[in-house]
There are 4 protein chains.
Amino acid sequence: MAPVGSKKGILERLDAGEVVIGDGGFVFALEKRGYVKAGPWTPEAAAEHPEAVRQLHREFLRAGSNVMQTFTFYASDDKLENRGNKLTFTGQQINEAACDLAREVANEGDALVAGGVSQTPSYLSCKSEDEVKKIFKKQLDVFIKKNVDFLIAEYFEHVEEAEWAVQVLKATGKPVAATLCIGPEGDMHGVTPGECAVRLVKAGADIVGVNCHFDPMTCVKTVSMMKAGVEKAGLKAHYMTQPLAYHTPDCSCQGFIDLPEFPFALEPRILTRWEMQQYAREAYKAGIHYIGGCCGFEPYHIRAVAEELATERGILPEASQKHGMWGSGLEMHTKPWVRARARRDYWEKLKPASGRPLCPSMSSPDGWGVTKGHAELMQQKEATTAEQLRPLFEKADAKH
Amino acid sequence: MAPVGSKKGILERLDAGEVVIGDGGFVFALEKRGYVKAGPWTPEAAAEHPEAVRQLHREFLRAGSNVMQTFTFYASDDKLENRGNKLTFTGQQINEAACDLAREVANEGDALVAGGVSQTPSYLSCKSEDEVKKIFKKQLDVFIKKNVDFLIAEYFEHVEEAEWAVQVLKATGKPVAATLCIGPEGDMHGVTPGECAVRLVKAGADIVGVNCHFDPMTCVKTVSMMKAGVEKAGLKAHYMTQPLAYHTPDCSCQGFIDLPEFPFALEPRILTRWEMQQYAREAYKAGIHYIGGCCGFEPYHIRAVAEELATERGILPEASQKHGMWGSGLEMHTKPWVRARARRDYWEKLKPASGRPLCPSMSSPDGWGVTKGHAELMQQKEATTAEQLRPLFEKADAKH
Amino acid sequence: MAPVGSKKGILERLDAGEVVIGDGGFVFALEKRGYVKAGPWTPEAAAEHPEAVRQLHREFLRAGSNVMQTFTFYASDDKLENRGNKLTFTGQQINEAACDLAREVANEGDALVAGGVSQTPSYLSCKSEDEVKKIFKKQLDVFIKKNVDFLIAEYFEHVEEAEWAVQVLKATGKPVAATLCIGPEGDMHGVTPGECAVRLVKAGADIVGVNCHFDPMTCVKTVSMMKAGVEKAGLKAHYMTQPLAYHTPDCSCQGFIDLPEFPFALEPRILTRWEMQQYAREAYKAGIHYIGGCCGFEPYHIRAVAEELATERGILPEASQKHGMWGSGLEMHTKPWVRARARRDYWEKLKPASGRPLCPSMSSPDGWGVTKGHAELMQQKEATTAEQLRPLFEKADAKH
Amino acid sequence: MAPVGSKKGILERLDAGEVVIGDGGFVFALEKRGYVKAGPWTPEAAAEHPEAVRQLHREFLRAGSNVMQTFTFYASDDKLENRGNKLTFTGQQINEAACDLAREVANEGDALVAGGVSQTPSYLSCKSEDEVKKIFKKQLDVFIKKNVDFLIAEYFEHVEEAEWAVQVLKATGKPVAATLCIGPEGDMHGVTPGECAVRLVKAGADIVGVNCHFDPMTCVKTVSMMKAGVEKAGLKAHYMTQPLAYHTPDCSCQGFIDLPEFPFALEPRILTRWEMQQYAREAYKAGIHYIGGCCGFEPYHIRAVAEELATERGILPEASQKHGMWGSGLEMHTKPWVRARARRDYWEKLKPASGRPLCPSMSSPDGWGVTKGHAELMQQKEATTAEQLRPLFEKADAKH
C-alpha cells in the first residue's frame with residue numbers, strides 16, 4: 001500500500017496519460033442499503049453510520065477506484081434545510097466526517113481524496129452570485145482544513161452556477177474538476193456542451209466533463225462534444241465522465257429525473273458489467289481518461305471499467321480476484337450449459353431480456369418546461385403540505 | 001435491543017401467528033460488492049473479509065430481517081473443492097466464521113441465527129445416502145458447537161436429497177426448515193410440489209417451502225401448492241418462501257440457471273420495491289408467514305417486505321427512517337413534477353420501461369435435459385480444461 | 001383448369017394423404033377493405049358488393065386454396081337480427097349469393113365449395129336443441145339447393161352446440177368437418193380438446209379440428225391433443241386447423257376476443273409469411289392435412305402455406321409467380337444491403353421489431369368469467385342503449 | 001356521382017382550403033394480394049390483372065380518396081428492365097392500362113386522376129440530365145394522351161432528380177405535385193427539407209411534400225420543415241404527405257429500406273386505424289391539406305383519415321357505412337366486456353401489445369453508407385448471379 005504523500009496528484013497522472021478511475025454514486029448505493037433517504041438525498045450517513053460509508057468506499061477501492069470522493073453531495077447548508085428535511089448533524093459535522101472517511105480508505109490503497117460541491121437550491125431560487133459563492137466557500141473551508149487532494153464541482157444543470165463554483169474552488173490553488181449534468185442538448189438554458197466546456201476551462205477548471213443524468217454512451221457523446229469545443233477554442237483540458245448506470249434512451253434534455261421511473265423503478269435500466277466494459281472502451285477511445293460513475297453504479301460496475309482497461313492501466317483491481325474475466329468463473333459451474341457461457345463472445349452478443357412482458361421498453365419523460373427562476377422551483381424550508389401536493393397530483397394526472 | 005436468550009424461538013413466533021422476515025441472498029449481493037466469485041459461489045468471504053459480511057448482515061437487520069442465516073451456502077467440503085476452486089481457508093474455518101458473524105449481528109436486534117446446508121455435488125454424482133449425509137453432518141457439527149437457533153436445509157433440486165438433509169438436521173432436536181428450489185412443475189424428477197412438501201414434513205421439517213430459482217409470485221404459487229398438499233394429507237406445517245428478486249416468466253422447470261442471462265445479465269429483471277410489497281402481500285394472504293429472499297435481494301427489498309406488513313407486524317424497521325412509505329420522501333424533491341410522484345397509486349400503476357429497445361422481454365431457456373446421474377453432471381475436482389470447454393461451446397452455438 | 005364434376009372430393013383427397021389448403025377469414029379481410037362492419041360481423045357483402053367478395057375468393061384461389069368457403073359466417077337469421085343490426089337483404093339472399101360466388105371462383109381452379117354454419121346467439125341464450133337445430137337447417141337448405149361439395153360446422157365455443165350442428169349437417173349425406181374455437185384448455189365448460197374431438201367424431205364429423213381464437217402454434221397444439229384423444233378412443237378422423245394470423249401468447253381460454261386489442265388494434269400481432277411457413281410445417285408434421293386460416297389471414301399468408309408444402313403437394317400456387325421463395329425476389333433490389341437479404345436463413349432467424357417502444361409485448365386479457373346461460377350474454381334484438389353501456393364502461397374501468 | 005368534367009381541379013380544391021385525401025401505396029397492397037413481386041416492385045398487374053387493380057382503386061374510393069394515382073410506380077422502361085426482371089408487357093401498355101383503370105374508377109366518384117413518375121435507376125447510375133429527363137417524358141406522353149388531371153413526381157431520394165422531373169412535368173401545363181422520400185435529415189446528399197422544398201417550388205411544383213420511407217408522424221414533421229423553409233423564402237405552395245403505414249422510430253436517413261425487417265417482416269409495425277386518425281389530425285393542424293398514404297396503407301387506413309376529418313370535409317366516406325366511429329360498432333357485440341370497448345377514450349389510450357415477447361421493439365438499421373454514383377448502386381440489366389450475391393451475404397453477416 002502506498003504511503004501517504006508519496007502518491008501522484010490527479011493532474012500528474014492525467015498529464016502522464018494514465019487512466020484514472022472514479023468511484024460510483026453514493027446516494028443511490030446507500031439508499032438501497034438503507035442509509036440515505038430518497039427525496040432529500042442528503043449525506044448525513046457520513047456522521048450517522050460511518051461504518052456503512054466506509055464499507056462502500058472500501059468496495060470501490062477494491063474495485064479499482066483511484067479517487068475517493070467525499071460523501072458530501074447536497075451537503076450545503078441551504079440544501080440540508082430544504083422542504084422539511086430534519087437533520088441531527090450540522091453541515092460542518094457531515095462534511096468533516098465525510099472527509100475523514102474518504103481519507104481513511106484512500107490511505108488503504110492508491111487513491112486520492114476529492115472534495116465535492118454541487119448545485120444549490122439558492123441558485124435555482126435566483127439568489128445572487130455572492131450568496132451562492134458563500135455557500136460553496138463554507139463547504140470548501142472543511143475541504144481545505146482536511147486537506148483533500150483535489151476538488152470537484154459536479155452536478156450542475158446551469159453552466160453559470162458551475163462557473164461560479166469553479167472560480168471559488170480555483171482560488172484554493174488545488175486542481176479543479178468540473179462536471180455538468182447535461183446531455184448533447186446542453187445546459188438548461190440551451191448553452192451547448194462545447195460552449196459550456198470552454199466557459200468552465202476559462203473559469204479555471206483543469207478537468208471538464210459530465211456526471212449523472214444520462215447513460216454512459218450519451219455521456220461519452222456529450223464529453224466528446226465538450227472536447228471538440230475546447231480544442232476548437234485553442235484551449236487545453238483533461239476530460240472526465242461519471243454517468244448513470246441506467247439506460248436512458250428516452251430522456252429529454254433534463255435527464256433521468258424526468259423519467260416516470262425516477263427514482264424508484266429504474267431497476268430494469270441497470271447496465272450489466274459487459275455494457276460497462278463497452279462504456280469504458282468507448283470513453284477511452286474518445287480521449288476521456290478520468291472514467292467513473294454516478295447514480296446506479298455498484299462496485300462491480302467500477303470493477304468492469306478497471307478490467308476493460310487493465311492492459312492500458314497495467315493492473316487488475318483487487319476485487320478481480322473474485323471475478324473471472326469475461327465470465328471465465330463459469331468454467332467451474334456444475335451445469336455444462338452454464339459452463340458453455342464462460343466466454344467473451346457469448347456475453348458481448350447477448351441481448352438481455354427484461355422479464356417484463358407487460359412493460360414497454362421506453363417511457364415518455366415528464367417535465368413541465370420550467371427551470372431556474374420559475375416560481376414552481378423556488379426553495380421552501382417547510383415541509384410540502386397536502387394542499388401544495390394536490391394541484392401537483394392533478395396536473396400530473398391530466399398529462400397522462 | 002433484546003437481550004440474548006430472551007428472544008422467542010422460530011416456532012414460538014410462527015405458532016403465535018407472527019410474520020417472520022428472512023434475509024436476502026448473500027452470494028449475489030456480495031458478488032456485486034466484490035467478495036464472492038460467480039461460478040464457484042463459495043462463501044470464503046466469511047473468513048477472508050468479515051467486515052463485508054458483517055455489514056451486509058447489519059443492513060438486512062436494519063431492513064427488518066428476523067433471521068440471520070449463516071453465510072455457509074455451498075460451504076460443504078465437497079463443493080469447496082469443485083472444478084479447480086482453490087481456497088485458503090478450510091470448510092470448518094469458513095463455517096465457524098460465518099456463525100460468529102451471524103450471531104454478532106443477530107444480537108444487535110430482534111433476530112435469530114439459522115444454520116444452513118444445501119445440495120451437494122456428491123448427490124448429483126450419485127454418491128450413497130451415507131456419504132451425502134456425512135457431508136451434512138460435518139457442517140452441522142459447527143452449527144451445534146456455535147449453538148445456532150434453528151436449521152435450514154435449502155436449495156435442493158431433488159426432494160430425496162432434501163429428505164436426507166432434514167433427517168440429519170432433525171436429529172439435533174433444533175427446529176428444522178426445508179426449502180426446495182423448485183417451481184410449480186415440481187422437482188427434477190417430476191415429484192409435484194404437494195408431494196414434495198408431504199415428504200419433507202414426514203421427514204421431520206417444521207417449516208417447508210421454496211427458495212431461489214423462481215420469481216416471487218411463482219414461489220408463492222408453488223408454496224401454495226405445497227400447503228394444499230400438506231393439508232390434504234392431514235399434516236401440519238409452517239410455510240416459507242425465499243424467492244429470487246428477478247422476474248422469471250420465461251423459466252422452465254429448472255429455474256433461472258437456464259435463462260441465457262444467468263448470472264451476468266439479469267439486471268433488467270430486478271424487482272422494484274413496489275413489486276416486493278405486492279409479493280409480501282400475496283405471500284401473507286396465501287398463509288405463508290416466513291417471508292424472505294434469495295439471489296438478487298438487496299436490503300431495500302427486504303425493507304419493502306417489512307413496510308408492506310408493518311401493520312401485521314406492529315413495527316417498522318429501523319431503515320424505514322430513511323424511506324418515505326410509498327414514495328412520500330419525494331414530497332421534498334425540488335422539481336414539482338417529481339413531487340407529484342409522492343403517492344401510492346402512482347407507483348402501483350407504473351409499468352417500468354426497460355430502457356432497452358433493442359432487447360426482447362423474454363428469453364428461451366437453455367437446458368440440455370439432464371439431471372442427477374448424467375455423466376455431464378459428474379463432479380470434477382480439477383479445473384475444467386479448454387479441451388473440455390470446446391464441445392460445450394459448439395453444442396451451445398448449435399442450439400442458437 | 002379442371003372441368004366441374006371431375007374434381008376429387010374432400011375425403012377422397014384426405015384419404016389419399018393429400019394436403020388440402022383452406023382459405024383465410026373473410027370477415028376480417030373484408031372489414032379492412034370496407035365491406036364488413038366490425039361488431040355485427042355479418043356477411044351481407046355477398047349480396048351487396050359481390051365484386052369485392054369474388055375478388056377475395058380469387059386471391060385465395062391464386063394463393064393456393066383448395067377450398068372456397070361460402071361467405072356465410074354469422075348468416076343465421078337470429079344472428080343477423082342481433083342488437084340493432086339492420087339489413088337490407090334476407091338471410092336467404094345472403095346465403096344464396098355467397099354460394100354462387102364461391103362456386104363461380106372454385107370453378108376457375110382446383111377448389112371445392114364448402115358451406116359453413118357457426119355458433120348461434122340462440123344457444124348462448126339457452127334456446128332448446130330443437131330451436132338451435134332449426135337455425136342450422138335453414139342455412140343448410142340453401143347449401144343443399146346450391147349443391148356445395150361439403151359442409152363445415154365452425155367457430156363453436158361449446159362442444160354441445162357443435163355436436164348438434166354436426167348431427168344436422170350429417171343428415172345431408174355430405175362430408176362434414178367440425179372445428180371449435182378453443183385452445184388447449186378446452187371448451188367454455190372445460191371439456192378437454194381430446195374429449196371434444198371424440199364427441200364430434202361420434203356425432204358424425206369426418207374431419208375435426210379448431211379454427212379462429214388462437215395463434216397458429218397454439219392451434220396446432222390443440223389439434224394434436226384432439227388427435228391423441230381420437231386415437232386413444234380407437235376412432236378415426238381427419239384433422240384440420242384454421243387459426244388466427246395473430247400471435248396470442250397472452251390469451252386465456254376464451255381466445256383473442258378477450259385481448260384488449262380486439263378487434264381494432266391487433267396489427268402488431270400479425271404473423272409474417274415466414275412465421276406462416278413454420279406453422280404449415282408444424283401442422284403437417286403433426287399429421288394435420290387440412291391447413292387453412294381464419295381472421296387476419298391475407299392471401300399472402302395462404303401462399304406461404306402453399307410454398308412451404310410445395311414439395312409435398314407437388315405444385316406451386318399461381319400467385320408464386322409474383323413471389324421469390326424465401327425472399328429471392330430481393331436479388332433484383334437496387335441496394336446491395338437489401339440484396340443481401342435474399343436468402344432463407346436471414347428471414348428464418350430475424351426477430352422482427354415492433355417499432356413501438358412505448359408499448360408492451362403482452363397484454364392482460366379481459367373476460368368477466370361468464371359464459372352460456374349468464375344474463376349478460378342473453379341475446380337482444382334492439383340496439384344497445386347508452387344506459388346499458390354506462391355500467392359496462394364503469395365495470396371495465398374499475399378493472400384497469 | 002359527379003359527371004366527368006364537372007369536378008374541381010386539384011389546385012382549385014386546395015386554394016379553397018379543402019382537404020384532399022390521397023390513396024394508399026399499390027405495390028405493397030397488391031403484393032399481399034398476390035399481384036406484385038417484391039424486389040422489382042413493378043406494376044405490370046395493371047395490364048395483367050386489371051380486375052385486381054380496379055378493385056383496389058374502388059376500395060380507396062369508397063374509403064374517401066379524392067385522388068386515383070395511376071398505378072405506374074417504377075413503370076419507366078429502364079426500371080422495368082432492371083436486374084433480370086422479365087415482362088410480357090411494354091412500358092407503354094402498362095402505363096396506358098393504369099391510366100384507364102384510374103379514370104374508370106375516378107368517374108365512379110368525386111376523385112381526380114394523377115399520373116405519377118418516380119426516381120430512375122438511370123440517375124443512380126449517373127446518366128446525364130438529358131437522359132433522365134427523356135425517361136420521364138416517355139411516361140408523360142401516355143399521361144397526356146390519357147389526359148390525367150394532374151401530375152405527381154414522387155419517391156425521389158435526391159432533390160436534384162426531383163427538380164428535373166418537376167421541370168419536365170411542368171412543361172405540360174398541368175398542376176404538378178412533388179414529394180421526396182426523405183426525413184428530417186434531408187436528402188441523400190444532406191440537403192435539408194426546407195432547402196429541398198424551396199428548390200422544388202422554384203422548379204415549378206405547386207404542391208410539395210414527402211411520401212414513403214418514414215412513418216406518419218416523421219413525415220408530418222418533415223413537411224412542416226419544408227413549409228417553414230418555403231415560407232421563410234417568401235414563396236408559396238400547397239403541402240402534401242403520403243407516409244408509410246409502418247412505425248419507423250429506428251430509421252436512419254434512408255428510411256425503412258434499411259430496416260432489417262424490410263420488406264417481409266414489417267407486420268408488427270403496421271399502424272392501427274386510431275393511430276391513423278392521430279396522423280390525420282396532426283397533418284391537418286400542421287397546415288398540410290393533401291393527406292394520403294404510401295406503402296402499408298390499406299383502405300381502412302384511408303377511411304380513418306377521412307373519418308378524423310369528416311367535420312372539416314363535411315362528408316363521411318361510403319365505407320363508413322361499414323364502420324362505427326371510434327369503435328361504436330362494438331355496441332352490437334355479444335360479449336359485454338367487448339361492448340365496453342365501444343368508445344373513443346378506450347382506443348385512444350390503448351398501448352397495443354406486440355404479442356412477440358422474444359422480439360425487441362426497435363432494430364438497428366443496415367445501410368452501407370453509399371448513394372448515387374457508387375459502384376455498388378450501378379444498374380445492371382442481367383439477373384444478379386450467385387457469385388455476385390456471396391460477397392454481399394458475407395458482408396452483411398460480418399456486420400451482425
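Glycine residues also receive a Cβ, built from the backbone N, Cα and C atoms like all the rest.
Record features (TrEMBL):
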DOMAIN    B:8-309  domain 'Hcy-binding'
BINDING   B:CYS212, B:CYS294, B:CYS295  Zn(2+) binding site
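Features recorded in TrEMBL, as mapped to the structure shown.
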residue: B:CYS212; record: Zn(2+) binding site; CB count, 10 Å: 26
residue: B:CYS294; record: Zn(2+) binding site; CB count, 10 Å: 30
residue: B:CYS295; record: Zn(2+) binding site; CB count, 10 Å: 25
Extra residues within 8 Å (Cβ to Cβ centroid of B:CYS212, B:CYS294, B:CYS295), Zn(2+): B:GLY25, B:PHE28, B:TYR155, B:CYS181, B:ASN211, B:HIS213, B:GLN242, B:PRO243, B:LEU244, B:GLY293, B:GLY296, B:PHE297
Among B:CYS212, B:CYS294, B:CYS295 (the binding-site residues), residues with Cβ under 8 Å to chain A, listed in sequence order: none
Across the domain 'Hcy-binding' (B:8-309), average pLDDT on the 0 to 100 scale: 96
